Amino acid sequence: MNDTTSDTPKLSWWRRLSNGLKRTSSSLGTAVADLVTKRKLDRAMLDDIEDVLLRADLGTQVAVRIADAVGTGRYDKAISADEVKDVVATEVEKVLSPVAKPLEIDPARKPFVILVVGVNGSGKTTTIGKLSQKFASEGRKVMLAAGDTFRAAAIEQLKVWGERTKTPVIAAAQGSDSASLAFNALTAAKEQNSDVLLIDTAGRLQNKSELMKELEKVVRVIRKVDASAPHAVLLVLDATVGQNALSQVEAFHRTAGVTGLVMTKLDGTARGGILVALAEKFKLPVHFIGVGEGVDDLAPFTARDFARAIAGIES
């Protein structure tokens, strides 16, 4: 949990987002600049632009659409890298705008139960900590459930977040049944009149059927306490895994009924375009993205900012 303060000036969210996506935008920008300085726009150049977009993991459909948009009205003419970047930003924003949705807490559902799922190392526990801080700062009464009972470190990490945000944490010994813990946490959250209950879960590979069945059990047990819960199921994705994120969304959506996505570690990859491919294929809401370790480095997702940052447009 690295969010120590320093005397350095705090960067705006746009600057942190732009810096975080620098590896992706630089990779795209350099490749595009190399292409457009060599010749006038022709079919071969459009194919090359398509290849560049595919390498950034934007997905085939989006890459083809962007290449077609670049070619419209520009055949056999000189074209600048900035023109291509503008088209990339415009087309990416079109894909992302329908999925850029805030996570809305329904006050009529009390507690509002958020189940957080994902594979090992995706950043679930840290994301829960940051969300607990966000909700607490909004004046909501939050409770945390340390449902990753496989990892002692995850339990301790959540307890630290709990202390820091003055949020109660329901935990059990390492190796305890995670479904029972979720049941106890929801029961306690009701008794204590909590506004939000955030439930951590153990990281599990999407191709391990026995672990995915265990996740199904957690959902079933939660519904014994509140038939409408969980009210949100957030899948936390690590941007550095690239195309593997597609199979993760498919499997977790099938098992736990994912309602929204959180993408972390966008600052650690040149493949930030995978978020665009996910939006195009699954149309699931994207609630938050992370571009660093600090508390403020997880922020609500906005389509225009992301599209311009990934295209390398300074704004």
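Note: Cβ is positioned from N, Cα and C throughout, glycine not excepted.
Under the DSSP three-state reduction, THR201 (GTP binding site) is assigned to coil, being neither helix nor strand. Taken from TrEMBL, the feature GTP binding site applies to 118-125, 200-204, 264-267.
The domain 'SRP54-type proteins GTP-binding' annotation in TrEMBL covers 285-298. The helix, strand and coil residue counts that DSSP assigns across the domain 'SRP54-type proteins GTP-binding' (285-298) are 3 helix, 6 strand, 5 coil.
Shown in sequence order, LEU115, VAL116, VAL117, GLY118, LYS124, GLY147, ASP148, SER178, LEU215, VAL218 are the residues of the chain, 6+ apart in sequence, with a C-beta less than 8 angstroms from the C-beta of THR201 (GTP binding site). Between the binding-site residues GLY118, GLY121, GLY118 has the most other Cβ atoms inside 10 Å of its own Cβ, all protein chains included. Close to LEU266 (GTP binding site) in the fold, though at least 6 residues off in sequence, lie GLY20, LEU21, THR24, ALA239, GLY272, LEU275, ILE289, GLY290, VAL291, each with a CB less than 8 Å from its CB.
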